[in-house]
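Student: The feature compositional bias 'Basic and acidic residues' is assigned by Swiss-Prot to 602-613. Under the heading disulfide bond, Swiss-Prot lists Cys277-Cys288, Cys282-Cys299, Cys319-Cys343, Cys356-Cys371, Cys374-Cys386, Cys392-Cys406, Cys400-Cys416, Cys445-Cys452, Cys457-Cys477, Cys575-Cys595, Cys613-Cys633, Cys689-Cys910 (among others). Annotation comment: Swiss-Prot describes 701-915 as domain 'TSP C-terminal', evidence class sequence analysis. Sequence annotations record features per position, and here Swiss-Prot assigns repeat 'TSP type-3 1' to 431-465.
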Amino acid sequence: MELRKIVPNLLVLYVAVHFSQSSEIKVINVLELHDVRQTAAAIENLSGALQTVGDLYITSTFMLPPKLGGVLFGLYDKQDNKKYLEIAVVGKINKLLVRYLRSDGKAHTVNLQNPALAEGRTQSLILRIGGLRRSHINLELYVNCRLVDSAQGLPSFVGLPSEAESVDVRTGQKSYARIQGLVESVKLALGGSLATAGLLIDCPFQGDSAINNAVVSDINAILGDHTKALIGQLIIFNQIMGELREDIREQTKEMSLIRNTILECQVCGFHEPQSRCLPNPCYTGVSCMESMMYPGYQCGPCPEELCVNTAKGFSCQSCPIGFTGPTLKGVGLEFAKRHKQHCVDIDECAELSGSCVPNSVCINTVGSFKCGQCKAGFVGNQTVGCFARRTCETLGYSPCDVNSHCVMGRNSDVSCVCNVGWAGNGNICGPDSDIDGYPDEPLPCMDNDKHCRADNCANTPNSGQEDTDGDGIGDQCDEDADGDGIKNVEDNCRLVPNKDQQNSDTDSYGDACDNCPNVPNGDQLDTDGNGKGDICDTDIDGDGIPNVLDNCPKIPNPMQTDRDGDGVGDACDSCPEVNDPLQSDMDNDLVGDVCDTNKDIDGDGYQDTRDNCPEVPNSSQLDSDNDGIGDECDDDDDNDGIPDILPPGPDNCRLVPNPSQIDTDANGVGDVCETDFDNDKVTDLLDACPESAEVTMTDFRAFQTVILDPEGDAQIDPNWVVLNQGMEIVQTMNSDPGLAVGYTAFNGVDFEGTIHVNTATDDDYVGFIFGYQDSSSFYVVMWKQTEQTYWQNLPFKALAQPGIQLKAVKSRTGPGEYLRNALWHTGDTTGEVTLLWKDPRNVGWKDRASYRWHLSHRPQVGYIRLRLYEGTALVADSGVVIDSTMRGGRLGVFCFSQENVIWSNLGYRCNDSIPDDFMLYHKQMKLRT
C-alpha cells in the first residue's frame, strides 16, 4: 500500500485509540441504544457531562433525498413530549433547526442557514454546543468538515431531569420514518475539542500540540527513520492547512453575517431609518422626542390650555379630540381634588361613518381608530377600496345549465357542476339514471368533455366506463365482457379472451389471466404491478432486493434502513425506533403495539409522541415547510419570515415562500400562488385539497383492509376491487363486517359517492365511514334493507331495523363479537356504539338502485351533516348533528354480510369552512338556553 495512504489511516487509528482511553471525552453512539437500560445510562452520562464539560459535539453522517427533511436527533420527555433538545433538517429551504428548552423553561429555536444537507448524497455534520457552563451558549455548524454557520450569545440550556428513565432518545423521528433516507451514524462527544469530534466522522481538524507530538513519536516507532523526513513535512503541511482552514472559517462566518443581513434587508426593503416621531404619536400639540428607551420616543407635557386658571377658580375646556365628556368649572383646591373631568373614548368605528373605506375592518383605539383589511367576501385595501369578491350571486347572469349549479373557486374562477341525477360539463347537462357522472344519452358539448359521452352502462354505475372488448357496452353490465363467447358467470377469465378456459392450477383464474398460472393464488395480488403475482414473484416490491433478503418485502426500500435492528425495515416498520420483530397492531392504527401509547390529548387520531401539533387537532398532519411543526400550530407555515396572521402578516401566500408579498391585482392573494395556492402543480379549480400539496385527487387505490369480526364462525372476509384510478370500489363477497380505508387523513372534509347494490339477493348492510382513527374509533353511515335479528344471540341480541343510521363507534373491546353485534343493532350499545341519527322514514335500500350521498364533516366544531339522493330527489337529510368523538381521520367504505356492492364516482375535498347552517343552529341553541 502506498505511504500516502498508510499515514493518514494510522493517524486516525492512533488518535481514536488515544481518545478512547482518555478520561476527558466520552462518546455516546446513539444508534446503538437499543433498550431502556442502555438509553438511561446514556442519559445519565449526558446529564452529568452537561454540568462538567464546556462543549458538547453532536456528529452524524447520513443521506437525505433532495428537498426532504426531518428530525435528525432529539431528547424528549416521555410523558408530555416536551423537547429538551431537537435537531431538525429542513432540506426544502436549506436550514438546520435547533430547538431546546431554556433555563427559564421556555422553548427556544435557532435557525442555522444554508447547510445543503438534502442533496441525495452522504453528508457529514458536526454541531458544536459551546459554553455549557456559562450564562450563554454558542452554536457552530460544520457540514462536510466546513463551518457554514454559527450563533452566539444564546440563552442557556435547561439541562436534563434527574430521572434518566423519563427521557426518550429519538433519531430520524419525522421524515426518516417513511422516506428512503439513510442515517449511518449519530454520536455525542461529551467534552474534548473540535479535532477529537472531527475524528468521529473523518474530519481532520487541527488538534493540540500534545496530540501531534504523541502521534509523531509513535508513528516514527512504527515506520522507522527512513520516513521521518516525510512525516515531518506532512506535519508541517497539516499545520499550514489548519491555519488556512481557520482563516477560511473566519471569512465564512463574516460572509454568513453579511448574507443574513442582505436577506433581512431584502425582506424588509431598503429604506432610510424612520423617525419614531413621524407621524407624531403624542396628543395634538404635544412635542415628541426621540428616545433610546422603549417605545423609542417620549412625549412632552400636556398643553396648559386644557386647564385654565381664572380669578375665582379654574375651568376645564372640552375633552381632547377622540374623547367626549362635560366641561368643568370650580373654585378652590379642595373642590378641584373632589371633582374631576371625565373624558370617555369615542368609538369612531360606531359613531363616525366613513372612518375607513366601505366594507373594511375598523378598529377602535383609545382616542383614535385604525383601519384594517377588507371584510370577508371583499378584496382590496385602504388605498384602492374594498370591493365585493366575485361570487355566483353577484355575476348578474347564469353561465350554467338549468340543471346545474354555479361554483366559485378560490380565485373567483367560475365553474358549473351538474346537479345530482344529471351529468355533463355543467353548461349542458342530461339525465344520469345511475348517478355515475355520465349521461344516459350523448350531449352536444362544445368542449368534447368526456362526461358528455353517453353512459355505456346507463343503469349500473361505472364511473371508469371500462369496456374490455370495445363493443360499446361497459364491463359492469356486459354479460360477456371480454367478447370470447363465454358468459361472465362461466368465464374463468372475465376480462381476458380465453375460449380454451385452460387453468393449470387449482384457483379460479384461467392461465390467460392468472398472474401465477402454476401456483394457486385466489387473491391475485401483484404489489409491484409487473404482471407476476406476489406468491410467485421473487421480488414482490420490485426494489431490486430479493424477498429472502428484503427487510420490507412488500414496500420498496432499496436502502434497507433499519434503525432499531429488528429485521424490519423502517419503510414498513410500525415502530421504526423500537425493536419490534412481530409488528403487532391490534387496533389497526398503523402504530405498532409496543410503541402505541394511545395518549391523544387533542383527539385527532395521532398519539402525542407522533403528533406534530399535540394540543391542536390536525388529522392531516400537514407540515408545509417540513420543520416538524404542523401547519395548524405553526405561526409561519411556509417559513418565509412573514407570519400567517400576526404582523407583519397576514401572509398572502401562506404555503408558498414569498417574502416580497407581491400582489399585483390587490386581491389578497400573492402572485406566486394566485392559481395554485399550495404550489402542487394542480390548479385550485381541479385540486381536491387546494391548501395541501400532499392531496391532489380522490384516490383509494392504496387502502387498508380492516376486519371487524376476525373470530367469526363464517370467517368470509370482504373482497375489494378498485377501479377508475381509485374512484370506484366494488365488494363481491357475502362477508363478515369489514372496511376498506384510504391512507389519507383529513381535518374538515366533504365526502360524496354513489352506492348501488348490484344484485336482487340478500338484504344486509352497506355504507361508508369517515373520521377513522383505529378499528375501535370511527364514524359509520350504514343502511339496512329489511328488519332482521342477527343470527348469533351471543354476546347479546342485536336487532337491525331498515333505514339509514349514523353511528359513532368508540369500542372498548375492538374488533370481535361485541363490536359486530353492536354494529348490527339499531341503537346505542354501551361502551361500543352511539346512534347519532336515524332516518325517520325507516326505508331500506332498493335492489339495483343508485343513491348519491353528500357528507360534510367539520371536526373543529363537531359538525356533521348527511344528505342522500335517489335520482334527482333529496330523500334523507340528517340536518345538523353535533358530535366530537373523533376530531378528524380517514375515509373508507363499509359492508356487512352484503355482496355485489358498488361505490362509484367517489370524491373527497378538503374543506374547513364552517357551513352557514351550523351558525344558524348555534344561534338557535343559544336562544333555547
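The backbone N, Cα and C atoms fix where each Cβ goes, glycine too.
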Student: Listed disulfide-bonded residues are Cys282, Cys299, Cys319, Cys406, Cys452, Cys575; which of them have CA atoms within 10 A of the CA of Cys288 (disulfide bond)?
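Tutor: Close disulfide-bonded residues: Cys282, Cys299.
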Student: Neighbour count, 10 Å Cβ-Cβ cut-off, for Cys689 (disulfide bond): what number do you get?
Tutor: 24
Student: DSSP on Cys452 (disulfide bond), three-state: which is it?
Tutor: helix
Student: Within 10 Å of the Cβ of Cys400 (disulfide bond), how many other Cβ atoms can be counted across all chains shown?
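Tutor: Its Cβ shell of radius 10 Å holds 22 other Cβ atoms.
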Student: Provide, as an integer number of angstrom, the distance between the C-alpha atoms of Cys319 (disulfide bond) and Cys613 (disulfide bond).
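Tutor: On Cα coordinates alone, these residues lie 50 Å apart.
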Student: CB neighbours of Cys416 (disulfide bond) within 10 A?
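Tutor: Excluding its own Cβ, the number within 10 Å is 19.
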Student: Here's one to test understanding: among the disulfide-bonded residues Cys299, Cys371, Cys445, Cys452, whose C-alpha is closest in space to the C-alpha of Cys633 (disulfide bond)?
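Tutor: Ranked by Cα distance from Cys633 (disulfide bond), first place goes to Cys371.
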Student: Looking at the disulfide-bonded residues listed here (Cys406, Cys445, Cys477, Cys613, Cys689), whose Cα lies nearest to that of Cys343 (disulfide bond)?
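Tutor: Sorting the disulfide-bonded residues by distance from Cys343 (disulfide bond), the top entry is Cys613.
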Student: Quick check: in three-state DSSP terms, what is Cys477 (disulfide bond)?
Tutor: helix
Student: Can you count helix, strand and coil residues in the compositional bias 'Basic and acidic residues' (602-613) using DSSP?
Tutor: 0 helix, 0 strand, 12 coil
Student: Fewest neighbouring Cβ atoms within 10 Å: which of the disulfide-bonded residues Cys277, Cys633?
Tutor: Cys633
Student: Should Cys633 (disulfide bond) be counted as helix, strand, or coil on the basis of DSSP?
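Tutor: For Cys633 (disulfide bond) - judged by DSSP and reduced to three states - the answer is helix.
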Student: In Å, rounded, how far does the Cα of Cys374 (disulfide bond) sit from the Cα of Cys416 (disulfide bond)?
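Tutor: Pair distance, Cα basis, whole Å: 28 Å.
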Student: Name the one residue among Cys356, Cys406, Cys477, Cys910 whose Cα is closest in three-dimensional space to that of Cys445 (disulfide bond); these are the disulfide-bonded residues.
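Tutor: Result for Cys445 (disulfide bond): the nearest of the disulfide-bonded residues is Cys406.
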Student: C-alpha of Cys457 (disulfide bond) to C-alpha of Cys416 (disulfide bond): distance in Å?
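Tutor: One finds 24 Å between the Cα atoms of these residues.
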Student: Can you count the other CB atoms that lie within 10 A of the CB of Cys343 (disulfide bond)?
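Tutor: A 10 Å sphere around the Cβ of Cys343 (disulfide bond) contains 17 other Cβ atoms.
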Student: Quiz question: given the disulfide-bonded residues Cys356, Cys371, Cys374, which has the greatest number of C-beta atoms lying within 10 angstroms of its own C-beta?
Tutor: Cys374
Student: Just counting, how many other CB atoms are there within 10 A of the CB of Cys457 (disulfide bond)?
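Tutor: Summing over all protein chains shown, Cys457 (disulfide bond) has 19 other Cβ atoms within 10 Å.
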